[in-house]
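J.: I am attaching a structure below and will ask some questions about it afterwards.
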Amino acid sequence: GKLEMLLLLLSGSRSSKTFKPKKNIPEGSHQYELLKHAEATLGSGNLRQAVMLPEGEDLNEWIAVNTVDFFNQINMLYGTITEFCTESSCPVMSAGPRYEYHWADGTNIKKPIKCSAPKYIDYLMTWVQDQLDDETLFPSKIGGCSCVHWDGPSWLCHTLIPACPYLPGVPFPKNFMSVAKTILKRLFRVYAHIYHQHFDSVMRLQEEAHLNTSFKHFIFFVQEFSLIDRRELAPLHELIEKLGSKDR
């Protein structure tokens, strides 16, 4: 999208190296339209307004589209500094001296394990990718009828074209919001690690504007819908306060 092109231009060719494969939202889908809407409103420069739920849209779908976008952004940002985040430079996954993270995903690794930051972030991004690829959790057919004549919200198709033989889009599962919250909570830790342990590298690469804009967008989004507990945000509390006060 235009936003990615802009980010690529801002940061030279380095950002074309993503840490994990990019997660694409199918073109032509309703989610793709939502993503385009998000990019257009971001361009206006008012981030508080840009994160608000667009009128008439489904909250779950808005959170899904933005979660995929944040995954792609963090993927790109971390991709620029992977050479500096190594087993020897970061033997533990931390965000400053007071915060250390141990990995567990509840299925493959049930008991939290202490591991290096690159290993932790690899586990984390792979886990997020698995959630985003799970059609029962993040249905790509959501909100759009699979009817070829229709590209609007599925319920409207069935109102306007009662004879439509297709079933409406797949709904989000009941546990969607709790999964989305866990994804965002974990993605925050990658931002926290980059800020605390690698900000000098980010500065050297002249990526700080890119990192700050991405993080500010992320924070305003999770604040708008209360998606991450305040305690979880503690490692970057001062930065969050500063970003918020500039905007009041």
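One-based numbering along the chain as shown.
Heads up, the Cβ atoms here are built off N, Cα and C, so glycines get one too.
Unlike curated entries, TrEMBL annotations are predicted automatically.
Quick paste of what TrEMBL says about this protein:
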- Cys85, Cys90, His193, His198: Zn(2+) binding site (BINDING)
J.: Enumerate the residues of the same chain, Cys85, Cys90, His193, His198 excluded, that satisfy the criterion Cβ within 8 A of the mean position of the Cβ atoms of the recorded Zn(2+) site; list them in sequence order.
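T.: Neighbours within 8 Å of the Cβ centroid, excluding Cys85, Cys90, His193, His198: Ile81, Phe84, Ser89, Ala117, Pro118, Ile121, Ile194, Gln197.
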J.: What same-chain residues, at least 6 away in sequence, bring their CB to under 8 Å of the CB of His193 (Zn(2+) binding site)?
T.: Cys85, Cys90, Met93, Ser94, Ala95, Ala117, Ile121
J.: Same-chain residues six or more away whose CB lies under 8 A from the CB of His198 (Zn(2+) binding site)?
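T.: In sequence order, Ile81, Phe84, Cys85 meet the Cβ cut-off.
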